[in-house]
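J.: Below are the features I grabbed from TrEMBL:
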DNA_BIND  3-25  DNA-binding region
DOMAIN    1-24  domain 'Homeobox'
């Protein structure tokens with residue numbers, strides 16, 4: 001099968017094909033980077049808001065106790081969750097396990113710096129770049 005094309009025509013055809021392929025890949029890369037940028041902008045705004053809230057909380061004189069982390073960590077030997085009254089410092093479970101080994105909120109001065117719990121951000125947003 002003969003196409004009757006000059007060598008220059010074949011050369012230009014391949015150059016154009018390479019240019020089109022490169023342009024398509026550049027467009028895909030651009031969309032990907034735009035999604036990453038949008039995600040990072042949103043994450044940055046969320047973090048800035050969180051910093052403002054934490055600074056306001058730190059300066060608030062009404063805060064008298066350390067805020068416990070939002071996750072629940074229980075000793076494996078516990079069979080039930082019991083709320084210890086303020087008069088019972090060492091309540092026990094059915095197995096005789098003492099609750100005094102578990103951390104409790106500690107009263108602090110309202111002007112002291114609050115120790116912040118380490119939390120892992122879990123969001124419905126998933127960065128497309130990671």
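Even glycines carry a Cβ here, placed using N, Cα and C.
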J.: With DSSP as the yardstick, break the domain 'Homeobox' (1-24) down into helix, strand and coil residue counts.
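T.: Computed counts for the domain 'Homeobox' (1-24) are 18 helix, 0 strand, 6 coil.
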J.: Within the domain 'Homeobox' (1-24) only, compute the mean pLDDT.
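T.: Taking every residue of the domain 'Homeobox' (1-24) together, the mean pLDDT is 96.
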